[in-house]
Amino acid sequence: MPQNTRHTSIVEMLSTPPQLPNSTDLNSLSEQTDKNTEANKSDTESLHKSISKSSSSSSLSTLDNTEYSNNNGNSLSTLNSQNLLSVHRQEWQHTPLSNLVEQNKLIFIRGSISVEEAFNTLVKHQLTSLPVENFPGDMNCLTFDYNDLNAYLLLVLNRIKVSNDKITSDCQNGKSVPVGEIVKLTPKNPFYKLPETENLSTVIGILGSGVHRVAITNVEMTQIKGILSQRRLIKYLWENARSFPNLKPLLDSSLEELNIGVLNAARDKPTFKQSRVISIQGDEHLIMALHKMYVERISSIAVVDPQGNLIGNISVTDVKHVTRTSQYPLLHNTCRHFVSVILNLRGLETGKDSFPIFHVYPTSSLARTFAKLVATKSHRLWIVQPNDNQPTASSEKSSSPSPSTPPVTTLPSLASSYHSNTQSSRMANSPVLKSSDTSNNKINVNINLSGPSPSQPQSPSTAMPPPQSPSNCPASPTPAHFEKEYRTGKLIGVVSLTDILSVLARKQTHHKEIDPQMARKQRGHIG
C-alpha cells in the first residue's frame, strides 16, 4: 500500500495553538504598551484596563463585524465568534466569564414536553445538553443530555430498574413521558451558577472538580445568560493559547510529567487525582456498553480486544445511531462492529482519512492532547502504550489521521412496525429516541429485541462496509486491516477534560487541593 498518499490531518495542524488574527497589529500594540510602560506606568495600566473592558463587555456571540481600537488608534480586527477567538492582554485566569457567553446557543426546554421532543431539540440545534425549566425563569434547572437519553432507552428495553413504577410502565407501554421526569432518574450535580463578572480562576475550580457545565448569569444572578461547559472552556483556552504565555510551560509538558492518567498498568488503583480506565471487550454486545456507561456514570467507553489493545471508542452520544427500527439490531451486535459503523457515519470525504483518533501516549504533550480534544470534540482520550513494532509517541505527530465532525443525524419517523415477540410488541409504539419528521413530527418506534438472525440480510443502516484505507485505495479493507491500521497499543490510561482542568487549577490558581473525582463521587455509580 502506498505510504505517501495520506492527507495532512487536522490534528497535525493543531499540534501548536492556532495563530491569532492580525498578529502584526497585536505585536504593534504590545510594543506600544512596552513604550508606555517605560514612559508612564499609569498610562500602561489604563491601556490594559481599556482593552480588558472592551473584551469583557462583548460576548463572543456579538463579536461579528465589530472592530475595537485602543487609545493610540491601533485597530484590533474583526473576530469570528464561531472560532472563539478573542484578544486579551492578561493572564487566562483573569478572563471574565462574559467573554465566553454564547447567548445564541442558550435554549431552554419545558419539563412538561416529551423525551422525544427534547431529543429532537438536541439534534436540531446540534447541542449536547439542554436546561429543563419547571417554569419560565427557573434558576434551578436540571439538564437533559445524552446520558438521560441512554437511561431512557435502557428503561424502555427493561435493562434497568427505577423506583418510579409509573414512569417504567409508561416507557414500556409506549406512552409519552415528560422529560422533566426522566432527568430526575439520572444523578446530577448541583446546578452551579456564577455571575458573568466572575473570571476563569473561579469557574475552573468547579469544572476542574468534574462538574460538566456551569450556568453564567447576569450580575444580579436573576437571569441565565449562557452555559459554560468543560469542552467549551478547553476550546477557548486552546484557541487563545498564544495570548496566554503562562500556559506555555504546561502545554509543553507531557502527560507523564504532569501525572495525568493511569500511566502504570501494574498499579492496582489510580490515585485520587486520576480517572479509572473503564473498557469493554470488542466482542460484547453494544447494549452491554450502553448499560456499563449508565452504571459507571460515564459518557464514553474504550473498546479493547482480548489482549487489552485499544480498537475503538463508544460515546453516549452515539446512542442517536440506534434510533431507527432498522438500526436496533445493532444493539445486539458487537461493539467492534458498532465502532466500524460509527466511523462510517462520520464519513470519508473525497478519500481523505477522516477518522477521529481518540488516543494519546504517556509522552504526548499537553498541547497535543488539547489539540486532539478540540478536534474530536471528545470528553476524554485514551492513553495507550504502543507495541514495539508500532509508531512511537514522537512519530504519532506525523502520522495521525485527521478527525472530522460527525454529520447531523436525521432520524425520520417510521410508518411500519413488527412484533416479533412479547417485548417488541410492548415497545412497538414507544416513542424512544424519535426524530422530527417534516410531515407530522411523530416517531413510531419498533424494536426487534431478538437481534439479527444469521440468515437475515442486514439493513443498509447496519450492513456498512469497513472504512476505506487512508491511501485512496478503492477497495475496502478487511476487518483485520481495519484493526491493523487503527489499533494503537495497549490501553493503560485515560485523560479527560476534568483531568486537564484540574491540573490547570492546581498549577495556576489558588485551587491547590481540587479533587477531579469530586463531582463523579457525588453522582455515584451503581454497584
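For all residues, glycine too, the Cβ spot is worked out from N, Cα and C.
Here is what Swiss-Prot says about this protein:
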COMPBIAS  21-31  compositional bias 'Polar residues'
COMPBIAS  32-48  compositional bias 'Basic and acidic residues'
COMPBIAS  52-61  compositional bias 'Low complexity'
COMPBIAS  391-417  compositional bias 'Low complexity'
COMPBIAS  418-449  compositional bias 'Polar residues'
COMPBIAS  450-462  compositional bias 'Low complexity'
DOMAIN    101-162  domain 'CBS 1'
DOMAIN    185-243  domain 'CBS 2'
DOMAIN    272-330  domain 'CBS 3'
DOMAIN    335-391  domain 'CBS 4'
MOD_RES   Ser9  phosphoserine
MOD_RES   Ser42  phosphoserine
MOD_RES   Ser46  phosphoserine
MOD_RES   Ser430  phosphoserine
REGION    1-75  region 'Disordered'
REGION    385-481  region 'Disordered'
DSSP residue counts for the domain 'CBS 2' (185-243), split into helix, strand and coil: 21 helix, 15 strand, 23 coil
Average model confidence [pLDDT] within the domain 'CBS 2' (185-243): 93
Helix, strand and coil counts within the domain 'CBS 1' (101-162) (DSSP): 25 helix, 12 strand, 25 coil
Helix, strand and coil totals (DSSP H, G, I; E, B; other) for the domain 'CBS 3' (272-330): 24 helix, 16 strand, 19 coil
